[in-house]
Amino acid sequence: MKKQNVRTISLIVCTFTYLLVGAAVFDALESETEKRRWEALQAVEDMIIRKYNISQEDFKVMETVVLKSEPHKAGQQWKFTGAFYYATTVLTTIGYGHSTPTTRGGKLFTMCYAIVGIPLGLVMFQSIGERVNRLSSYVIKAVRTSLRCKRTVASEVDLICVVTTLSSLTIAGGAAAFSRFEGWSYFDSVYYCFITLTTIGFGDMVALQKDNALNRKPEYVMFALIFILFGLAIVAASLNLLVLRFVTMNTEDERRDEAQAMQALQVAVKLEGDVITSNGSILSGYEGHDGQSLNGTNTSSMCSCRCICLNGGNRHKKQQYKMRRSPTHIRHLLPEVVPMQDLNYDTQSMHTIGALNGSGIMSGSHMGIGLDVVDDTGNRSPIKPQPHPQKLLKRNVSLLSFRI
């Protein structure tokens, strides 16, 4: 199984396991509190109904009025300042839910606006994160150079430490400001900053929603918007170092596999059929590269052809010559190529074929095709044609290579 598939399956298993563990922990922490809060609210509801002698229907109307009027306590949400705040939550995918469009045109424009704005925001924050990491690496290098350290180049661990520190300082500073302006506890302010900068955006705690802050406190509105944008850029720098590294691992492995496959295809040369080497050995089903056989024998001089078997049989063998690359890439394997159609020979004279000796010289009664044969003593004598008992060989021999 490929490494990418194993990694994907492992991530799926780990994610679902993490979800199960989280569900169990949240159940243990929140279920009892939720039950007690519900019982307390039901007791208050019953007390109000009895005290003011109102029906259940009237109480539901009062409850709806209270819920719907909550967003209006911050002032007009859809004036330019409030609309800019809403557009920021859409583009950054925070989505507090403190104000939502009610008209059909507003809902349609929100969808179209998000389709373009969300990718634009992601690319922008990613680019800012890369610049922050580059600046951090320059600062680390300058500090180490001034301190005369041996190793001045910033590593990924160094950058992770820097952006983690910046993120912590951003959350701590923002929590102090929101605790002062909103009247929250410091812990709740830290919780709000973390939920905001990680773009979770539950909406249970939203800034700028008290005392008509959107219209009366422009400096606070400016601070909140700058905090969101700057904080998301710092978080993007952290994600650039942590998350994106793991996200691109599958892509890197796939590119590496493709490169290895292309490299193997470029150097692969395959020969199929019988190959006669210069020392007289016959390789069946030869498959090799650069003139090297499977057993390491040099095959710079060989014959792969449609002719009578060199083992002495009369069986016609079909040439099987296939290449993955161009024939010019193995031309060095066939140094002496003679087209048989250019030779003047009598096919009836082909009778038997002897073996090649170790020096690559045709010996004995090798082939009666009107050629001279050199024996072991060096004497050259013509070969007389001999009658062949079988049918004439009517096939054209496509390629024959000798080292004579």
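Even glycines carry a Cβ here, placed using N, Cα and C.
Here TrEMBL flags 6-29 (among others) as transmembrane segment.
The domain 'Potassium channel' annotation in TrEMBL covers 75-132 (among others).
Residues of the same chain lying 6 or more positions beyond the ends of the transmembrane segment (78-96) and with a Cβ under 8 Å from any Cβ of it are 110, 113-114, 117-118, 120-121, 196, 199-203, 206, 208, 214-215, 218, 221, 224-225, 228-229, 232. Residues or ranges marked as transmembrane segment by TrEMBL: 78-96 (among others).
Annotation source TrEMBL lists transmembrane segment at 108-125 (among others).
Look at TrEMBL and you will find 157-177 (among others) tagged as transmembrane segment.
The feature domain 'Potassium channel' is assigned by TrEMBL to 169-243 (among others).
Annotated transmembrane segment per TrEMBL: 189-208 (among others), in sequence order.
Proximity of distant same-chain residues to the transmembrane segment (220-247), defined by a Cβ-Cβ separation under 8 Å and at least 6 residues beyond the stretch ends, is recorded for 81, 84-85, 88, 92, 94, 125-126, 128-130, 132-133, 136, 156, 159-160, 163-164, 166-167, 170-171, 174, 177, 181, 193, 196-199, 207-208, 213-214. Summarising the annotation, TrEMBL assigns transmembrane segment to 220-247 (among others).
Within the same chain, residues 87, 90-93, 101, 232-233, 235-236 sit at least 6 positions outside the transmembrane segment (108-125) and bring their C-beta atoms closer than 8 Å to a C-beta of that stretch.
If you look at the transmembrane segment (189-208), the same-chain residues 6 or more away from its ends with a CB under 8 A from one of its CBs are 74, 85, 89, 92-98, 167, 170-172, 174-176, 178-179, 181-182, 214, 217, 220-221, 224, 227-228, 231-232, 234-235.
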